[in-house]
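Residues annotated as GTP binding site in Swiss-Prot, with sequence analysis given as evidence: 12-18, 40-42, Arg304, 330-332, 412-414. For Asp13, Gly40, the entry in Swiss-Prot reads Mg(2+) binding site, with the evidence type sequence analysis. Positions annotated as IMP binding site by Swiss-Prot, on the basis of sequence analysis: Asp13, Glu14, Gly15, Lys16, Asn38, Ala39, Gly40, His41, Thr128, Arg142, Gln223, Thr238, Arg302. According to Swiss-Prot, the feature active site, proton acceptor maps to Asp13, an assignment based on sequence analysis. The feature active site, proton donor is assigned by Swiss-Prot to His41, with sequence analysis given as support. Summarising the annotation, Swiss-Prot assigns substrate binding site to Thr298, Val299, Thr300, Gly301, Arg302, Ala303, Arg304.
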Amino acid sequence: MASVIIVGTQWGDEGKGKIVDYLAENCEYVVRSQGGSNAGHTVVVDNIKYKLRLLPSGILHKDKVCVIGNGVVIEPKVFLSEIDSLIEKKVNISNLKISDRAHVLMPYHKILDELQEEDLGENKLGTTKNGIGPCYMDKSSRLGIRIVDLMNKETFAKKLKFNVELKNKLLKKLYNHDGVNYDELLKEYLGYAEKLRPFVADTTTILNKAIKEKKNILFEGAQATMLDLDHGTYPFVTSSYPAAGGACTGSGVGPRKIDNVIGVVKAYATRVGEGPFPSELFDDVGQFIRDKGGEYGTVTGRARRCGWLDACVVKYASYVNGLDSIAITRLDILDELDKLKICVAYKYNSEILEGYPADLDILSKVEPVYEEFEGWKTSTRDIREYDKLPENAKKYLKRLSEVIETDISIVSVGAGRDETIIVKKIF
């Protein structure tokens, strides 16, 4: 029996969905514990590409119980659309559970998100405008509507009326917006309620019973450590807690029940939206990586900023999450490069920094200290054993492991489920 957390170590888009999909084969439960429809992940199974935003990647395994935990904010329209899409592809959804404690994302959250981002002007955060921040704001302000509230017509109507009146004051007086219609929202969301009802459950009890029964559980992170509300490059972060601790608070499973934490590391670095990115590339190499890796957002379609692998970021993520090992993804994207670099330290005012700076002014001015490596100039796509990787690829991976002081357990050399090298057994 093992409970394993999969967490992103960079700014998201590391390939967590691929790793979760691969490891889910050995699990009975797969859990999503935070974030919302702002977190896209792509999984390829039998050459069929699945793009998911709310549903755990484990849903692609017909015999797994997939749980959306209390820490997730759920937009019913997106959730039901994903369900319909999977049903069309003959994916079994009968084992899907939604926490009755999860919060409901409403249309006024999306409107506020967009208006607030526009209002920030040059200080914009680069939000996906999916309403995630305003929804978590309502949750923290104790104004939110939970799934359990949506299941009770009278409770939902009362809470919705209060929220609509409050939000319309804000929308009309501050943003000169027409506001939202209570009756229309009530009718729309009560319709969603009946479609959601079969999936709603006390997932905290379900998961803790599964642990007592010695089931294997995989906690699937969304976004990543550097987007964590506390530990990321604040304020250019998300509104939830993608670090390993968030898997516990977002699912109702205590930290002492976790056996293993695996950090997913893309073999290069990418970032979407605003914020410091010390190892960012602005040359032809950066464009090559973007094009070869298809580095465009699953949710927004925005081009991702690309750069060299930043070991300072990953080492910091190892500290924050207490990583037991790392899973390297997208190594194959680097197959054609003549030279590669890893940022192993930051220099500021001619001094090497210890730790990862919280001050974004400093972070935006640091000079990356690089170590250069020879490329391997051959395809890694068909390799399934670590020892059979090109020598230069192994040197690159070994040095990363040394700098971040964390072992490698998995290497992914393609998007397919089978394009995976297991270095250290997880389950």
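Using the three backbone atoms N, Cα and C, a Cβ is placed for every residue, glycine included.
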Close binding-site residues near Lys18 (GTP binding site), where close means Cα within 10 Å, chosen from Asn38, Gly40, Thr300, Arg302, Ala303: none
Most Cβ neighbours inside 10 Å, all chains, among the binding-site residues Arg302, Arg304: Arg304
Most Cβ neighbours inside 10 Å, all chains, among the binding-site residues Gly12, Gly15, Gly40, Gly301: Gly12
CB contacts for Asn38 (IMP binding site) [other CB atoms within 10 A, all chains]: 28
Euclidean distance between Cα atoms of Thr300 (substrate binding site) and Asn38 (IMP binding site), Å: 8
Distance, Asp13 (Mg(2+) binding site) to Leu331 (GTP binding site) (CA atoms, angstrom): 14
DSSP state at Val413 (GTP binding site), helix/strand/coil: coil
Euclidean distance between Cα atoms of Gln223 (IMP binding site) and Val413 (GTP binding site), Å: 21
Of Ala303, Leu331, Val413 (the binding-site residues), the residue whose Cβ has the fewest other Cβ atoms within 10 Å: Ala303
Lowest local Cβ density among Thr128, Gln223, Thr300, which the record lists as binding-site residues, within 10 Å: Thr300
Gly15 (GTP binding site) and Arg304 (substrate binding site), Cα-Cα, nearest whole angstrom: 14
